[in-house]
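> Per TrEMBL, the features are:
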- 54-92: domain 'Zinc finger Sec23/Sec24-type' (DOMAIN)
- 123-389: domain 'Sec23/Sec24 trunk' (DOMAIN)
- 400-492: domain 'Sec23/Sec24 beta-sandwich' (DOMAIN)
- 506-604: domain 'Sec23/Sec24 helical' (DOMAIN)
- 619-704: domain 'Gelsolin-like' (DOMAIN)
Amino acid sequence: MAEFMELEGQDGVRMAWNVIPGTKQEASNCVVPVSAVYTPIKPFPNMPVLPYAPLRCRNCRSVLNPFSIVDFAAKIWICPFCFQRNHFPPHYASISDENLPAELFPQYTTIEYQSPGEASSIPPVFMFVVDTSIIEEEMAFLKSALSQAIGLLPDNSLVGLITFGTLVHVHELGFGTIPKTYVFKGSKDVSKEQLLEQMNFFLIKPKPPTGVIAGARDGLSSESIARFLLPASDCEFALNSILEELQKDPWPTPVDQRASRCSGTALSIAASLLGACVPGSGARILAFIGGPSTEGPGAIVSKNLSDPIRSHKDLDKDSAPHYHKAVKFYEALAKQLVHQGHVLDLFACALDQVGVAELKVAVEKTGGLVVLAESFGHSVFKDSLRRVFRSEDKDLGLSSNGIFEINCSKDIKVQGILGPCASLEKKGPLCSDTIVGQGSTSAWKMCGLDQATSLCLIFEIVKKEIPDATLHYQHSTAEMRLRVTSLSRRWVAGPGSIQDLIAGFDQEAAAVVMARLVSFKMEIEAEFDPIRWLDKALIHMCSRFGDYQKDSPSSFSLSPRFSIFPQFMFHLRRSQFVQVFNNSPDETAYFRMILNRENVANSVVMIQPSLISYSFQSAPEPALLDVAAIAADRILLLDSYFTIVIFHGSTIAQWRKAGYHNQPEHQAFAQLLQAPRDDADAIINERFPVPRLVICDQHGSQVRICWVGFSLNIGFQGGAGQFFPLELSESGL
C-alpha cells in the first residue's frame, strides 16, 4: 500500500487498478471498474508554480507534459494523446536536453501555471442566510457562533445578511442610519426581475429591457450593490448590531402545528441577489437552518404536526407528497448557482430533519460544505464553522470557480464522475455511452472546492490509458491558476496478465470506489439490492483472483494484495451508506455527501473504523474491531470519521477517578491517559466537518456509543489467513 500512497503524494491520485486491463472484456472481469480518486488541489510542498501560460496541443488542447515526445533539433513536441506535432513558440528557443522547462521534468507530473494579471478583482463574498424559526436557546447559540465567525472574516470580503422565518428579510447593511430591510412573502417564489425591482435597484439607472438579466456587468452600479454587500471591515458593527437585536420569528405557532419556515424562498432570493450583484465571482451562501421547511417552494412537510416528516420507507413507497417537488425546486436552484459560479454551504442543526436529502443536489453540484449537528450549541457546529474561516496552517484552502477537464488517449473513455461537481455537457469522442454520475461530458464545473475535495472518475477501457487532467480555478489567494496532472499506467492483456493486475491492485481505493458506486446506485435505481450487488461483486473478485481447488473451501487463499478487500466489503455492507435502518433520509444524505467528497484515507475510515489500543505493556497499536479488544487495563481510541470515541477500561477508569494521574509517582499513567487525547485532538484539528468526541468508561452510561463502532468478526479464515464473511449467499467460489 505504501507505493500507492507515494503516488498519491506526488499527484493526488489513487487508482483501483494501477496496472490497466488491456481489453474491455478483461476490464469487465475485474469487477471493480478502472477508476481514479483524484484530489484536484491537494497541496504539494515541492510543486512548482510557473509564472506563464501553459503550452497546449493545437488539436486536442492537452498541455505539454513529461510524457510528450520532444524533438529538440526541430523544436517540435508530439502530443501523447492525439500524436499531433506542435511547434514550440519563440520563448522556448533555448530548450535542449540540458535545458528543460519545468513542465518536462519527469518528477513534475503535476504542475501549476499562474498567468500574470489573472488575479480576480472581486474579493470573496459571503451571504449569511439565517433561520429565525427556532427556539430562544438555539437562537442565542446561533447568534454567538455567527458573531465569532464575522470576526474571523477577511477584512476585504463582502458580506450580506438574509434572515427568514414566516417571511424573508433582506438586510440593507449599507443604510447605516437605522436598520433597513426588504421583506418578501415566504410562500411566494420571487423571480430575479421582481427582486431587483422591489429592492429599488433601478431608481438611478434605467431598467434593463425585458428578458435581459441584470447584473454587475449589465448596468448595476457599485453603489447599488454596496447597499447589500459590504466589506467586512465596514459592516462588522452593523452586522453585530443586527445580530444582537435579532429575535425569534414573531409569528405565532399553534400548538398543533410546526413553525412556519420558508427555507427555499430565502435561498432562492439569496441566489438571485448574488447573481445580480456579483455574477461569476467566488460567492458562497452560508445557510443556517434549524428545522424543516414548511412554507413556499422547497417545503418538505406540511405545518400540521399530525403529518410526519418523510422517512426512507415513505421514499421507497413514493408516499412522500412534498419530496419530488422539493427536489425539482433545488435542482433548478443548483442549475442557477452553477451558472453563476456560486456555492451553497449548509449548516443544518436540529434534533429533527431539516431537508438535507432534498438540498443535497444543490449543495453537491456547487461543491458546498455540509455540517449536520443536533444543536447550534454543539461543538460539531461551532468548531466546524470556525474551521471555515480559519487562516492558520491547517485552513481548508477554500477555492472557487474551477473548470475540471480530462483528456485521454484514444483507447479509453470517461463514463463520468462521482463527486461534488456539475457537468458542463462538453460532449466528444472521450465520452462513453455508459453514464455514471455526472457523465456524457469531458468537462465539469466546480464552483467550490478545497484542499480535500476529491472526485471519483470512472473509465471505460478500450485498450490503454494515459490520462491528463487540468483544473482552472481561483486559488484562495484570488489568483487564477491552472493545475495539470498527467498520468501514465502500464496496461496488460492476455492469459498471463492476472499476476500483473494483482500487483497493481489498490484495495483501499477499490473499496472507496465501490462505496461511491453502491451509494449512487441506491439513489437512482428503484429496485436496486445493494447487499446482493456487493456480495456478487466480492464473489466474482474472489473467483477471478483467488487460488482454490474445486469443492475444497479450506484450500482457498488470496494474494496479500487482496487480503483486506473482503473485509472492507464486509464493513461496507453494514455501513451507514448501505444500511438506512435507524437513519433518517437527512442523515443518509449527509453521510453520502461526505463520502463523495473525501479522499481515500478518510473514506476508508468511514467504511471501516480504525481502533487503536493504548496500554502499559506496549506502544499504541491497531486493534481488531472486536469485543476481544476491550480489556480493563486498556484505553481504546475508535475513529469512525464522524465520531471519535475514547474508551477507558474499568481499571483505567477507576485509577483516573481516584486521581492517580495527578500524583508525581504515577507520571506513566498520566502519559497513558494523555496519549489518546493528543491523538484525538490531532484528528479533530485536521478534519472537516469536525467529528463528535465522546469520552466514556467501561460499564459507564455512554458506553453504548462505543459499541456502534464494533463489528463482530464472525466468519472463517482463508488459506492465507484472510477473513471472509459468512453471509455471501451466492455460490461460485
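Yeah, the Cβs are placed from backbone N, Cα and C, and that goes for glycine too.
Predicted automatically and left uncurated, TrEMBL annotations should be read as such.
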> Provide the three-state DSSP residue tally for the domain 'Sec23/Sec24 helical' (506-604): helix first, then strand, then coil.
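In the domain 'Sec23/Sec24 helical' (506-604), the DSSP-based counts are 61 helix, 9 strand, 29 coil.
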> Treating G and I as helix alongside H, and B as strand alongside E, what does DSSP give for the domain 'Gelsolin-like' (619-704) in helix, strand and coil?
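Tallying H, G and I as helix, E and B as strand, the rest coil: 39 helix, 19 strand, 28 coil.
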> Which stretch, 123-389, 506-604, 619-704, tops the Cβ pairs under 8 Å count with the domain 'Sec23/Sec24 beta-sandwich' (400-492)?
123-389
> Go through the chain and flag residues at least 6 beyond the ends of the domain 'Zinc finger Sec23/Sec24-type' (54-92) whose CB is under 8 A from any CB in it; none is fine as an answer.
101, 103-106, 108-109, 113, 407-410, 466, 468, 470, 482, 484, 486, 488
> Per-residue pLDDT averaged over the domain 'Sec23/Sec24 trunk' (123-389) comes to what?
89
